[in-house]
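*Asks:* Here it is, the structure in full.
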Amino acid sequence: MSLFDTINAGGAQLLGFAWPTVWAVVRILVVSVVILLCVAYLILWERKLIGWMHVRLGPNRVGPGGLLQPIADVLKLLLKEVIQPTAASRWLYLIAPIMTVVPAFAVWAVIPFQAEAVLANVNAGLLYAMAISSIGVYAVILAGWASNSKYAFLGAMRAAAQMVSYEISMGFALVLVLMTAGSLNLSEIVGSQQHGFFAGHGVNFLSWNWLPLLPAFVVYFISGIAETNRHPFDVVEGESEIVAGHMIDYSGMAFALFFLAEYINMIVISALAATLFLGGWDAPFEFLSFIPGIFWLVLKVFALLSVFIWVRATFPRFRYDQIMRLGWKVFLPVTVIWVVVVGCWMMSPLNIWVK
């Protein structure tokens, strides 16, 4: 019996019919707190890693080795005043940052951390993740419009066009995973990657989706960078043009919510990439299967987040027309062609996804 089953059984005996509600709330709170801590130290890791790439130390003054820097940053933002522009639409202005961060948290309901460890093991988990993550576009448009500022609205329009453009390519990449796994359930998608010739010989990582679906994996991950408005796709908040884009009129904790949503979405994109293409909680080699699955998932997510940061430190920002061209003229045709290729592959005698 797993730890989760033990806690569940003990709680059911103790609290009776009220236990399912209490257990659901406890799990949601635990996941939310862990995500907030991950965001805090992801920001520190980003500053440290970019510092090393620039041949400097990065934050190292607050606490031993700078470990308390995230706490200082949070306190600074909490203590700053939220200044609302006079011409802004009051309630819409305040709702926008909340609408940005809520979907970022909500996606975690269906992401499995290891076998049987998921908040909601729904059969349409992949569809749910795609639908919920799309809501962030409305929050960005709302923030730009409610601020009643030309620069904020321009940034919001850029963000909306960019996010919608790359969602199409990302959607086709996920269709490929659906085709090969035959399921929208994320746990079953992970399970479908644990079979095949290489997995039978103990080399699990060669059975994961990243290899046969490599173009889709690359398109998905780069589209994820564009979806989160990260460098080199950050024309939404281009410092040399419109500064912070749709967030330009936000300050204090309202601005911090946008910042929080961006980093949570980075972790979500990495967690989904690890789940759909890198075997989720599966160990890369069979002889390492004794290590808990959540360790492998965290390691894969950390590696993908480090790639996010490496891309930021390495590449120059694209022009807006280059971003649109990449999305519509490169990624979309590549994913459509690969859908056809994989469809023919699955219908041929060389089908490697035979159930």
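Including glycine, each Cβ sits where the backbone N, Cα and C put it.
Marked as transmembrane segment by Swiss-Prot on the basis of sequence analysis: 25-45, 91-111, 126-146, 170-190, 205-225, 253-273, 290-310, 330-350.
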*Asks:* Does the structure show the transmembrane segment (205-225) and the transmembrane segment (126-146) touching, where I'm treating 3 or more Cβ pairs under 8 angstroms (sequence separation 6 or more) as a contact?
*Replies:* no
*Asks:* Counting Cβ pairs under 8 Å that sit 6 or more residues apart, are there three or more between the transmembrane segment (170-190) and the transmembrane segment (126-146)?
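*Replies:* Yes, since the transmembrane segment (170-190) and the transmembrane segment (126-146) share at least 3 Cβ pairs closer than 8 Å, they count as touching.
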*Asks:* Near the transmembrane segment (91-111), which residues from the same chain, at least 6 beyond its ends, have a CB less than 8 A from one of its CBs?
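*Replies:* The answer is 31-32, 35, 84-85, 118-122, 125, 128-129, 132-133, 135-136, 138-140, 142-143, 145-147, 186, 249-250, 254-255, 257-258, 260-261, 264-265, 268, 271-272, 275.
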